[in-house]
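Database features, via TrEMBL:
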| type | residues | note |
| --- | --- | --- |
| TRANSMEM | 7-26 | transmembrane segment |
| TRANSMEM | 38-65 | transmembrane segment |
| TRANSMEM | 77-96 | transmembrane segment |
| TRANSMEM | 127-156 | transmembrane segment |
| TRANSMEM | 168-190 | transmembrane segment |
| TRANSMEM | 265-284 | transmembrane segment |
| TRANSMEM | 296-314 | transmembrane segment |
| TRANSMEM | 326-345 | transmembrane segment |
| TRANSMEM | 365-386 | transmembrane segment |
| TRANSMEM | 393-412 | transmembrane segment |
| TRANSMEM | 418-443 | transmembrane segment |
| TRANSMEM | 455-477 | transmembrane segment |
Amino acid sequence: MKSKSMSYYVKSLVGLVIMFGFQYLPPIGPLTHLGMQVTGIFIGLIYLCCVVDIIWPSMVGLIALGMSDYCTVTEAIAAGFGSELVWMMLIILILAEGISQSGLGEILARWFITRKVLRNRPMLFTFVYMIVFGVCSLLISSNASVILAWAIFYNIADMAGYKKGERYSTMMIIGCFLSCIIYEGLFAFQSWWLVLAQTFEDMTGYGINYVTYFIIGFIIESLVNLLWLLAMKFVFKCDFEKLNGIDVEKLEGEGELKLNFQHKMLFLCFGLIVAYVLVTIVLPAEWPLVALLNRITQAGWFALVLVLAMVVRYENKPVLDFSKAASTGLSWSILMMCAAIIPAARALTSEGTGVTELLSNILSPLFSGMNPVVFLAAILILQMFLTNVGSNMATGIVLMTVIIPFVGNYYFSPALVGMIIIFVATMGFILPGSSGMAPYLYSNKWIEVKDIYKYGLFYCLIFFICALPVYLVASFIV
């Protein structure tokens, strides 16, 4: 017991020394003093979140960032807890818990399990489940689809007898998460993907064909899901048979799969979230309705949807009881980690740190004289690595800057390279600071950090195996 406590204190001390002491080392290459400060804070924060705890290191990380030359403590706290992403996470977690408490999650799980086409076909069921929620993330944000996919799976796991730590449970949770975040990246005309696409066009003069980008990405991710399924069965020997053990007839007889008014209202709330995304993307921005929605912003719309669920009543109670849902649904680990890591990641690649210049100096020599296959493979590998150690958007722009001078040496269109960088930038999840979604994975109580490394790196491998041949074929078409 004492040895475990001592290990905890030693690891904590190491993380704090990195966070506050890294700045006193001699500058590395073009890194400025500010660059050394924020690099130490970022590395120390990631280390502590991975091996020690999440809550208190996040608090210390915000204080450390505020004590640097980047900003004040007040500004760091405002940048973290005032983040639109943290706000939307809070709302989605409460809404998802409301759905779970209402019994809607169980109804959806029972409906899914009792489909005739999926009965006694556990592998098909698993594949369809990951694909369905991946596609859902195209219509709603990935954070909403991930939470919903997990909530329904927990009900399925309870029915089938799957427990925490079982390989099937672990790989389903990770597989659903990755399917959601990567399918969401198929719409490159929204959010930070659009920023990367426009940046690439400004740099090269080549625009990204969003339809071609979507088709290529959809093929890749569908192949990845298929290989992931086969790996679950034949490599990691997951137990699929428990799904066959579910008494479907008993489930069908336990009650009608009918939705009451509360369920329908909660469904409507998710529908309104979907509607916001579709309306603001599809319709012209100058239309009065779209202009109003853009002024409200997605974060504001999420809040209005939650308000609707609290105002409307069912059986003399709110459709969604905020206090009850918040007491069990809020994950402070997710919220605290995001609040600390978002400003730290932005600081890392901000102007004046020298981090971008350091990456450029390291990567530029690597791309000289490569043949086409190696060149595309190198882009895939480097973008997968970079997006897992820094901001998706910032590392994507850095890699674009480095490789654009070499693109003209090859037979394929520069647009293909832009598509690769933008799509692969979606794969930030290995470290807590890799993306805004990564903290979701790290705070999931059904899996351990070692599972994220083990299965996450394997996922990256099969993604590479699927993506390289597809992009090579596309290089003759795009």
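A Cβ is built for glycine as well, from the same backbone N, Cα and C atoms used for every other residue.
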Could you check if the transmembrane segment (38-65) is in contact with the transmembrane segment (418-443), meaning 3+ Cβ pairs under 8 Å among residue pairs at least 6 apart in sequence?
yes
Are there three or more C-beta pairs under 8 angstroms joining the transmembrane segment (7-26) and the transmembrane segment (168-190), sequence spacing 6 or more?
no
Any residues 6+ beyond the ends of the transmembrane segment (326-345) with a Cβ under 8 Å from its own?
38, 41-42, 45-46, 49, 54-55, 57-59, 61-62, 65, 71, 76-77, 79-81, 83, 85-86, 89-90, 93-94, 96-98, 100-101, 390-391, 394, 432-433, 436, 439-440, 442-443
Contact check, the transmembrane segment (418-443) vs the transmembrane segment (365-386), 3+ Cβ pairs under 8 Å, seq sep 6+
yes
Seg_contact(the transmembrane segment (365-386), the transmembrane segment (77-96)) with at least 3 CB pairs under 8 angstroms, min sep 6
no
